[in-house]
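Database features, via TrEMBL:
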{"type": "DOMAIN", "residues": "6-121", "note": "domain 'Tetrahydrofolate dehydrogenase/cyclohydrolase catalytic'"}
{"type": "DOMAIN", "residues": "140-287", "note": "domain 'Tetrahydrofolate dehydrogenase/cyclohydrolase NAD(P)-binding'"}
{"type": "BINDING", "residues": "Gly166, Arg167, Ser168, Ile232", "note": "NADP(+) binding site"}
Amino acid sequence: MTGQVIDGKAFAADVRAQIAEHVVRLKEENGITPGLAVILVGEDPASEVYVAAKHKQTLEVGMASFEHKLPADVSEKDLFDLIDQLNADPSVHGILCQFPVPDHLEERRVVARIDPSKDVDGLSVVNAGLLASGEKGLVSCTPLGCLMLLRDQLGNMSGKEAVVIGRSNLFGKPMGQLLLQENCTVTIAHSRTADLPEVCRRADILVAAVGRAEMVKADWVKPGATVIDVGITRIPHPEKPGKSKLLGDVAYVEVAAVADAITPVPGGVGPMTIACLLANTLTACCRAHNLDEPSGLTA
Ligand SMILES: Nc1nc2c(c(=O)[nH]1)N[C@@H](CN(C=O)c1ccc(C(=O)N[C@@H](CCC(=O)O)C(=O)O)cc1)CN2
């Protein structure tokens, strides 16, 4: 038996098409163009690729894209001045600072400076608190993308055992909250969890976000489980010199033989991150103008 492959790339393209349709209507009926501002500090090569992809996809769905590239040694004051300017700009509905930032800046302080209603990464304490209280805010993009894939795959998740490996603010904690909202019984496992394989074997839904390549083995997975792999580790390609290869947190081939459904890496969760960023920007724009929000694109 081989589990069904959950095609995040195709799903993300579908989400972007829905967003593009909504953006056309916003422009025609209300004369409004949603705008997304992305701040990149320094020259981290992976971040440059992600920011370029965000810019391209923002334009493709018909939104306005504002890119701000700052030198690696930018002061906190200069970065905050830019954020304040974007907070006050009515043509900007979403703001994010690409992570990681250089060591002299603190991600927590950067996020806190962004107006929560424009925090399309959903990382501010305000948005994290709204999610934890079951209230309407903006939800972190990668967990929101996983939720969309899971809803599509499983429909009703009520009563299912869900295990999330990883407890970061960016992913593990919001993912746990979202699964709780779906009435799952949720365990957030982490590096100090005793007997992690045994905890994982309980899961009907297993979400791995640890950043350790192929850590989750087939004998950690309950037969018939749905497995979501959030990890992305780049390694030198074993057969193609000079090329690289991406690995997830899950040993894909062996786990696919046990699971009912599984996301691949690449082409699973990754593409959903940017699609959900655009969804959050559209949501933020509709809220800013007191217009109906797009359905199916929020938690
Ligand atoms: N402010 C933020 N910083 C970072 C976030 C974030 O959500 N907000 N997440 C990651 C990077 N990221 C988006 O920013 C991101 C990661 C991966 C992908 C993706 O499509 N991955 C592809 C593979 C791409 C490749 O070849 O490298 C896949 O998995 O198929 C998109 C966006 C950290 N920083």
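A Cβ is built for glycine as well, from the same backbone N, Cα and C atoms used for every other residue.
Note: the domain 'Tetrahydrofolate dehydrogenase/cyclohydrolase catalytic' (6-121) comprises 62 helix, 19 strand, 35 coil (DSSP; helix = H, G, I, strand = E, B). Secondary structure of the domain 'Tetrahydrofolate dehydrogenase/cyclohydrolase NAD(P)-binding' (140-287) per DSSP (helix as H, G, I; strand as E, B; remaining residues coil): 55 helix, 30 strand, 63 coil. For Arg167 (NADP(+) binding site), the same-chain residues that are 6 or more apart in sequence and have a Cβ closer than 8 Å to its Cβ are Lys173, Ile188, His190.
For Ile232 (NADP(+) binding site), the same-chain residues that are 6 or more apart in sequence and have a Cβ closer than 8 Å to its Cβ are Leu246, Leu247, Gly248, Val265, Pro266, Gly270.
Taking Cβ-Cβ distances under 8 Å and a sequence separation of 6 or more, the neighbours of Gly166 (NADP(+) binding site) in its chain are Gly172, Ile188, Ala189, His190, Ala208, Ala209, Val210, Gly211, Val230. Taking the Cβ of Ser168 (NADP(+) binding site) as reference, residues of its chain lying under 8 Å away and at least six apart in sequence are, in sequence order, Ala209. Binding residues for NADP(+) (Gly166, Arg167, Ser168, Ile232) extend across at most 16 Å, taking the greatest CA-CA distance.
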